Amino acid sequence: MSDIPRFWRSRNPISLLLLPFAALFAAISTARRMLYRCGILKSWRAPVPVLIVGNLTVGGSGKTPLVQALTRGLQTRGINVGIISRGYGGSAKTATNVATCPDAAVVGDEPLLLWQTTGAPVVVARKRATAAQKLLHDYPATHLLIADDGLQHYALARDAEIVVIAADLGLGNGFLLPAGPLRETSARLRRADIVLSRDPARYPHPHSYPLHYASDGVHPLDGGERRPLTALAAPLYALTAIARPERFFASLRAQGANLAACRSLPDHAALPAAEADFAANGSLIISGKDAVKTAAWPETLKQHTYIADYRAELPPELLPLLLHRLGLA
């Protein structure tokens, strides 16, 4: 299943019918943004630089692999990075340090994945400013905060913004919610510091760069050496709970996987072992985001489950530009 309605991809009778509601959404969001810009609504400014990694559309756009790559790249330059997140899909009611509660059901799957794969401190809270305050309290040596999502969360002041545009959806039909997928109009791109997409020429900006993702095959859920998809025992199955499941399945097929069956669940959904029952007689492939929710799976299932990881390949200009913008060069 896809979280994106078909009518968001083009201008059609359904999207046109919803335009009055999109106009109302635009009026409310514009008024809210202006209240922050005028100082009537207050933004909290952290004592360290804040980098926002977000998007204009609803749903996944590949932000999490980008945050992973940015964090690792900055860490190699000696910068202590902290990551803050809303914790979508988690039940946490108060600001929660992922290190003290490494449970996807509480903190969300993406924050847990970021903590496991980067080693950076990660804090989730419904308000990003609250998450930032707790992270800086718990980790006072932090040099930089990266907010995973939160482009429209103006209660947190930011020093730089990266907007990621989804490869498969782009900006959809160009309409605001609910007529289209946009949270803000495409004009918002002009105020971003950096725009990343598969086709930068399509989104003119002084700092519009290509963003590509790569995979190095799969590795066993229960530990072991990485291997190509073509080395797995057939039949092959795929299971995922991400925002764009069809993109995940297509990428597996592009790597040579002949998938006998695929199953998708809503983004951030729990992943009980029963959901994998269709793959009992073969090799099951899941994403890294799914893997953090498999702790309760029986060993017999883990033994034939494999994780397909994807990494963002950063443009060479990106980190030097960011360090300059953030005052960390």
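Including glycine, each Cβ sits where the backbone N, Cα and C put it.
The annotation ATP binding site is assigned in TrEMBL to Thr57, Val58, Gly59, Gly60, Ser61, Gly62, Lys63, Thr64.
A map of TrEMBL features onto the structure.
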residue: Thr57; record: ATP binding site; Cβ contacts under 8 Å, 6 or more apart: Ile165, Ala166, Leu169, Leu171, Gly172, Pro181, Leu182, Arg183
residue: Ser61; record: ATP binding site; Cβ contacts under 8 Å, 6 or more apart: Asn55, Val164, Ile165, Ala166, Leu169
residue: Gly62; record: ATP binding site; Cβ contacts under 8 Å, 6 or more apart: Val164, Ala166, Ala167, Leu211, Tyr213, Ala312
residue: Lys63; record: ATP binding site; Cβ contacts under 8 Å, 6 or more apart: Val53, Gly54, Asn55, Asp148, Asp149, Val164
residue: Thr64; record: ATP binding site; Cβ contacts under 8 Å, 6 or more apart: Glu110, Leu113, Leu114, Asp148, Lys289
- Same-chain, non-site residues whose Cβ lies within 8 A of the Thr57, Val58, Gly59, Gly60, Ser61, Gly62, Lys63, Thr64 Cβ center for ATP are Asn55, Val164, Ala166, Ala243, Arg244
- What's the most sparsely packed of the binding-site residues Gly59, Gly60, counting other C-beta atoms within 10 A? Gly59
- Val58 (ATP binding site): tally of other CB atoms within 10 A of its CB: 20
- Secondary structure at Thr64 (ATP binding site) (DSSP, helix/strand/coil)? helix
- According to DSSP, which kind of secondary structure is Val58 (ATP binding site) found in, if we only use helix, strand and coil? coil
